[in-house]
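Feature annotations, reproduced from TrEMBL:
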- 12-100: domain 'Ig-like' (DOMAIN)
- 111-201: domain 'Ig-like' (DOMAIN)
- 221-303: domain 'Ig-like' (DOMAIN)
- 308-395: domain 'Ig-like' (DOMAIN)
- 476-563: domain 'Ig-like' (DOMAIN)
- 580-675: domain 'Fibronectin type-III' (DOMAIN)
- 664-687: region 'Disordered' (REGION)
- 677-774: domain 'Fibronectin type-III' (DOMAIN)
- 838-937: domain 'Fibronectin type-III' (DOMAIN)
- 951-972: transmembrane segment (TRANSMEM)
- 982-1008: region 'Disordered' (REGION)
Amino acid sequence: MFLLNMILPQPPTITHQSPKDFIIDPREDIVIHCEAKGKPHPSFSWTRNGTHLDIDKDPKVLMKPRSGTLVLDISGGERAEEYEGVYQCSAHNELGTAVSNSIILRQSRSPLWSKERISPIIAQKGQSLILHCRPPAGLPPPIIFWMDNNFQRLPQSRRVSQALNGDLYFSNIQPEDSRSDYICYARFPHTQTIQQKQPISVRVISLTVIVSDNPVDEREPVFMVPSESVSSTVVLRGEILEMECIGLCLAVMSLIEIPSGRASFLNFSKTLRITDVSEADAGEYRCIANNHHGSVHHTIRVTVNAAPYWISAPRNLVLAPGEMGIITCRAAGHPKPSIRWLMNGLPIENAPRDPSRSVEGDTLIFSEVQTGSSAVYQCNASNEYGYLLSNAFVNVLAEPPRVLTLPNTLYGGLHDGIVFTRFKDSMLEGNAYVFHENGTLEIHMSHPSNSGKYTCVARNSLGLSENHVYLEVKEPTRILRPPEYREVQRSRDVVFECKAKHDPSLVPSMTWLKDDGELPDDERFRVDSDSLTITDVTESDAGTYTCIINTTLDQDSASAQLTVVEALPTPAVIYEQPGAPTDLELTDLVARSVQLTWTPGEEHNSRIKKFLIQYEDALHQSGVWHNLTEVPGTKTTAHLKLSPYVHYSFRVLALNNVGFSRPSMPSRQYRTSPAAPDENPTEVKGHGTEHNNLVITWKPLTPQQANGPGLQYKVMWRQQGIETYWTSVSVANVSKFVVSGTPTFVPYEVMVQALNDYGPGPKPGAVIGYSGEDFPSAAPGDVRVLVLNSTLAEVRWSPVPLESVRGRLQGYKVPLSSHHGQKTHYFPHTMLCVCVPVPSAPSFFKVSTFDLDSLMLEWGPPYERNGRLTGYTFKYQTVNSKNDLGLLEELDLPSNQSSFTLHNLPHSTRYKFYISARTQRGAGPMLTEEAVTVLDRAMVSPQVDIATQGWFIGLMSAIALLILILLIICFIKRNKGGKYPVKEKEDAHGDPEIQPMKEDDITFGEYR
């Protein structure tokens, strides 16, 4: 390309220019750039406000040599505003004129705030408040922020936030908001100056008198900004669109249907920002504020217009005499831009007429061009929002071709064709050859048969040029037997092999490296033609050995590890766990990864198999170490993938055949920056607990998955097939949200998206859930009963309409009534077969004594006869002391009998009795009893030993305790000379027949 510029003529091309809207700092010299290239080198001129700028008349205006860049010297006190205006640069040579954009030069302005006296503001707790900023108009507009007297930013929250116009909004002011230094600052970015408004004093009071029926947090939400229900805005394609909704009260803000990827929520979800706006972003946006008292929404109608942008910008055209070509200038925008052509800076309609040129809208058509047709054409595409200006030259050349050996590019006035030949002018063809447009020949998978002489031939009507290339293809150099891992005892010898193949015409050389450096200068290291031998190995010889085979064309390499273990005097080798790794170092610190390196500890006669890398998160789980990854024992470095918003510390453990080493000392802490979540909650479900609600549940993210502070969940739902827009709400770090007021049992599409202070997670997938169920509103009809036989009947009915089910149809409840009672069955179908069962067991069964050798049995009829009773089945058998059963006797008793007596039974014999009721369907369940005959009585089982019963033991213990207490009392009375109660009673009655004995002989008196 350099050779082309030095030899061939070329019209001017603008290579660098100042921006269209050029705002300058009035404290510095003004530099307006205009650089261009061409052959011959172009000259430059300027216009200001459409009039030629005579640089020589103003000594403060200079133009750089061989450049069109203007330097306006205002260091002497000149006012920059005197040089404001619209500048345009022209670069011309004998082939044409190129022009720059129209550069609007304006000085930046950072005016002071007007002096004002701001009265202190007294606000009632719970009310809304707006602190107006109203900064002075600057160029460019200032950046607004609120701080205090100590230049500390004022904290903002869902309750306190700054609007896009710079005002500070309090949706629910509290006593802690009282302060005297609310200061609005305006920073003018171009001059880096900051202006401040007078401090605003705010005092919040709490009134004991109730001035409103509802406290602020008990009212329906209302928007502070915007005030109307519908607003509209216009934004240009490619710009940033910002929309805001600031609600009164503690309301949850959400937006419906936002573009993914380029959209983000700011200012605690009160502001929606969409970057790189496109026409697809036009439409209606709704922001919603809701709480448990209600909701309010605002609709923003967005119109997207577009300044002109290129679809196909004009491109330079190089033609030979007699050729044809076109220059296309296609631009889009809204409104549609108009296309205007210029030639050498003049409107094309005023340019000299050229019969080879015609204009058709956005296309210039050239046919049968001549050498004098070279020129620079400008295309101007403009609408009310801006313009595009592009230069494209037509260069008509009549030059013979030239072949440039580096990089084999053809330059010539006539590009009729390039031909490659080989040997005796035979044309190259076939899939093995790839011909590039610039004349380069590419051969895939070269082979020795491709060796030879290649000729590149370029020709046109003015001449011919050739270039010869000699190609010789060699066999590649490859290592056939690379060195292998070796573990050797100290003082032994070790050999690494390295056998390779190469082209016979090339002379190879073998080089050995240890740990990527030269081999030690030690006679123990011997390098042969295809091997490396190390004798009398020591611990310092351990490391990585690399074999490199070099030729003049290529090379190949392979590496192997050498491990030196302790030589033991006896075969009984004692292996130990490896020593702890040391010297942990973190490098290549980026947002999501880090490089960790370490020094291995002692192997203790057993090769390290792998390293285990663990991490601690001091932010979320301090003191808990988690496994992160493993690397082979031959490596001492690892590239670790990290998560955002984690305070990492790392440690390394080594593993050999004995076990793990002690952990290394922790690395220095590395704190990854927060980011938006990478994933959304799982196990998202929707179900109803009431007939008019939908409960949305999900599995929350862990602190490590949150990726940043302020984790919230955006819960979205819409009725499937009915609603087009999603309704959404952002909730705190919980796992459930209840949607009230839903229709009964209808399907909903549900999504839950994670978001934090740094943005939303990926777009979630929708799951289907149903709102709550209600009782069915209709009962089955057309109930029919068909008796099939004496024990089977069929019940049929018509199903209810699906819309009346109002839930998932689980089945039909079928109560069955008979003279024995009522039963209820549940069936999922519309038919039921009723089977009549056998009777239930007798209502009671007891055995009692009738005589010394007889037992009487009594029973009651079953509660559920389930048909007509045909009788009772009665069975009995003896039971011996080992609980072995004797021969079973069976009797059939009529249905009207309720007692039976067994006579002539042996005494002291245990019997087991069975009884069951019977119908034609069969016998029902049995009742059992046991009894024992004795000489004078029969004891109905269960037989128990009274001496072992708890109540008997307790009774005997109580009697013994009472006797003991009485003895103690009497002993005390005797010692005191008193009288026991019986003696006192006898003395009171004075019965002469009672003769007490001497107290020295006995304790108790006696009755005669």
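The backbone N, Cα and C atoms fix where each Cβ goes, glycine too.
Within its own chain, the region 'Disordered' (664-687) is flanked in space by residues 580-582, 584-586, 589, 591-592, 594, 596, 598, 616, 618-619, 642-653, 694-701, 705-709, 711, 713, 717, 735, 748, 750-762, 764, 767-770, 772, which lie at least six positions past its ends and keep a Cβ under 8 Å from the stretch. Here the domain 'Ig-like' (111-201) has, by DSSP, the following mix of helix, strand and coil residues: 3 helix, 36 strand, 52 coil.
For the domain 'Fibronectin type-III' (838-937), the model gives a mean pLDDT of 86. The stretch in 111-201, 221-303, 308-395 that contributes the largest number of Cβ pairs under 8 Å to the domain 'Ig-like' (12-100) is 308-395. Residue counts of the domain 'Fibronectin type-III' (677-774) by helix, strand and coil are 4 helix, 47 strand, 47 coil (DSSP-based).
The domain 'Fibronectin type-III' (580-675): residue composition by secondary structure is 0 helix, 50 strand, 46 coil, according to DSSP.
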